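Look at Swiss-Prot and you will find 4-196 tagged as domain 'Glutamine amidotransferase type-1', backed by sequence analysis. Per Swiss-Prot, L-glutamine binding site is recorded for GLY60, PRO61, GLY62, GLN93, SER138, LEU139. The active site, nucleophile annotation in Swiss-Prot covers CYS89. The active site, for GATase activity feature in Swiss-Prot is assigned to HIS177, GLU179; the stated evidence is sequence analysis.
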Amino acid sequence: MNKLILIIDNYDSFTHNLYQMAGEIMMEMDSADIMVVRNDEVDIDYVRGLDPERIIISPGPGNPIKREDFGICSEVIGEFTDRPILGVCLGHQGIFHYFGGVVGYGEPVHGKISEVFHDGSELFRGVPNPFRATRYHSLRCECSGVPEDILVSASAPDGTIMAIRHRQYPVYGLQFHPESAGTPHGRDILENFLRM
């Protein structure tokens with residue numbers, strides 16, 4: 001396995017912020033390279049050849065159910081469950097959907113800061129409970145459709161699922177944006193993921 005952090009870009013402007021934050025953390029850890037690829041510019045064989053140590057699936061517009069919006073991300077989730085994967089916003093919804101969850105439309109929230117209550121699991125180590133996080137989404141993971149293999153790790157007061165993790169695999173999702181300045185503990189959460 002390569003010491004590579006692979007970020008799959010779902011054509012979102014926040015991807016650059018994720019890349020920058022992850023790069024700063026990795027420099028402090030004196031470890032790993034980071035590479036960004038667009039979700040439709042590579043195939044699964046290319047990703048296999050990279051043999052990444054960890055994968056981040058970025059936010060993006062659209063719906064994770066549609067291949068034209070989510071590209072190779074579903075294939076990557078299925079292929080690399082043996083190593084840490086973090087999905088952010090669209091990536092989070094895509095992970096939830098891949099494992100059998102229901103993703104539906106909710107009231108759009110764009111730039112809204114919410115309190116997030118978490119379960120203290122490894123992704124939230126050292127993070128206050130609750131903490132404040134920035135949300136940009138019109139889709140959400142439905143509470144009535146949580147798959148058996150998925151645990152809800154965090155939620156907002158309005159009931160929106162804000163974080164998930166797989167029961168067996170090191171696969172995680174965040175509905176909120178850890179890379180946003182409006183998520184003061186987002187860097188801590190991303191660092192927890194990168195240190196797993």
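Here the Cβ of each residue, glycine as well, is placed from N, Cα and C on the backbone.
Values in this document were obtained by computation on a predicted structure and should not be read as measured data.
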With neighbours defined as other CB atoms within 10 A, the best-packed of the binding-site residues GLY60, PRO61, GLY62 is GLY60
Near the Cβ of SER138 (L-glutamine binding site), how many other Cβ atoms are there if near means within 10 Å?
12
Whole-number answer please: how many Å between the C-alpha atoms of PRO61 (L-glutamine binding site) and CYS89 (active site, nucleophile)?
9
Rank the recorded positions CYS89, LEU139 by how many other Cβ atoms lie within 10 Å of each Cβ and give me the one with the fewest.
LEU139
Spatially, and counting Cα to Cα, which of the active-site residues is closest to LEU139 (L-glutamine binding site)? Options: CYS89, HIS177, GLU179.
CYS89
State the Cα to Cα distance, in Å, between GLN93 (L-glutamine binding site) and HIS177 (active site, for GATase activity), rounded to an integer.
13
Under 8 Å by Cβ from GLU179 (active site, for GATase activity), same chain, sequence gap 6 or more:
PHE14, ASN17, LEU18, GLN20, MET21, VAL88, GLY186, LEU190
Per residue, counting other C-beta atoms within 10 angstroms of the C-beta, which of the recorded positions GLN93, HIS177 reaches the highest number?
GLN93
Other than GLY60, PRO61, GLY62, GLN93, SER138, LEU139, the chain contributes near L-glutamine (Cβ within 8 Å of their centroid) the residues PRO59, ASN63, PRO64, ASP69, CYS89, LEU90, HIS137
Spacing of the two Cα atoms, HIS177 (active site, for GATase activity) and GLY60 (L-glutamine binding site), in whole angstrom, works out to 11
When DSSP states are folded down to helix, strand and coil, where does LEU139 (L-glutamine binding site) land?
strand
Among GLY60, GLY62, SER138, i.e. the binding-site residues, the one with its Cα nearest that of CYS89 (active site, nucleophile) is GLY60
Express the predicted model's confidence over the domain 'Glutamine amidotransferase type-1' (4-196) as a mean pLDDT, rounded to an integer.
95
